[in-house]
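In what follows, a structure is listed as structure tokens, so that the remarks can point back to it.
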Amino acid sequence: GMLRISGRVIAENPYVKMGTFHTIELEMNRNFTLIKPEWDVIALERVQEACDISKKADVAAVVCQEGLANVCLVTSSMTIIRQHIDCPIPRKRRGSVANYEKGMKRFFEQIYHAILRHVDFEIVKCVIIGSPGFVREQVYDFIFAEATRTDNKMLLHNKSKFIVVHTSNGHKQALQEVMNDPAIKTKLADTKAAQEVQALDQFYEMLNVDPDRAFYGYKDVAKAAEQGAIGTLLVTDELFRAAEVDKRRKYIQLVEMARDTGGKVYVFSSLHVSGENLNQLTGVAAILNFPLHDMDEEEEGGPEEGEEEEPLPENTNHHDEYSDIAN
């Protein structure tokens, strides 16, 4: 929830001297202004996604222990606590556990209502329930017993999305243990990249069935974009973080051209196996709306005499300097 930024002071102000190095911390709910000489479509989309967590969080988590629970939404870059539950539980007494059971029931009811209030099952693809001991199984059983009693079809329909795991405690930090579990990590990664995986499978299938509608490599994909042929563009996020400014610009321009002609664009995470596979195909590929049969012939023959190959149109508003928005 905090970003630390350091750099040289370039404007007069009463707090620090000109030319000195200074470090500031940007915290949650603290206003700040970010100035870039150039805002591209990828950077703007990252800002919009970061500002609307509910549209991006496709994983929810409840980490709990007796009397303590945190209901969280998990994105690829952060974990947000939506509700903190602290419910006093009477201790078990010899010969009577009635008060203990009533306390636990109140605790489970609060978790149940928190899930209904904060988890949007149209977006969330996975709900993790983690705890030490047997609390997680008790929470899981209570949720679906209550859903059955009240005929909550939404919960019953999404029962397969719930995963029960072990954590050492009920605090938010315990989620790190879950994320480091290789089996859970694979499952969560698959939920975040399900559409991308499907699109990559469709590309491979098209490459086998109709190779004139499946191109990869910047040169061929750019030519297809110029002709408005791209139906689906696949590109890895690694290309937008390239050290060379010109390389970043040309891939951003490729995305804009594909969208302008009605194409869908999938930006793959290079941390996911599907992104690694796409990187083996130069990091960019496209499924075309219609076949382009003469691409290989043009490449072999080159431009006709007296003609020059037309590069992608340059944007004249670019600055020499370019900086990425912080992830």
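Backbone N, Cα and C atoms are what each Cβ position is placed from, and that goes for glycine too.
If you check TrEMBL, you get these features:
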type	residues	note
COMPBIAS	295-312	compositional bias 'Acidic residues'
COMPBIAS	316-327	compositional bias 'Basic and acidic residues'
DOMAIN	2-51	domain 'Pelota N-terminal'
DOMAIN	58-188	domain 'eRF1'
DOMAIN	194-291	domain 'eRF1'
REGION	295-327	region 'Disordered'
Integer mean pLDDT for the domain 'eRF1' (194-291): 88
Counts of helix, strand and coil residues, the domain 'Pelota N-terminal' (2-51), according to DSSP: 11 helix, 14 strand, 25 coil
Summary of DSSP states over the domain 'eRF1' (58-188), given as helix, strand and coil counts: 60 helix, 35 strand, 36 coil
DSSP-derived helix, strand and coil totals, residue by residue, for the domain 'eRF1' (194-291): 56 helix, 20 strand, 22 coil
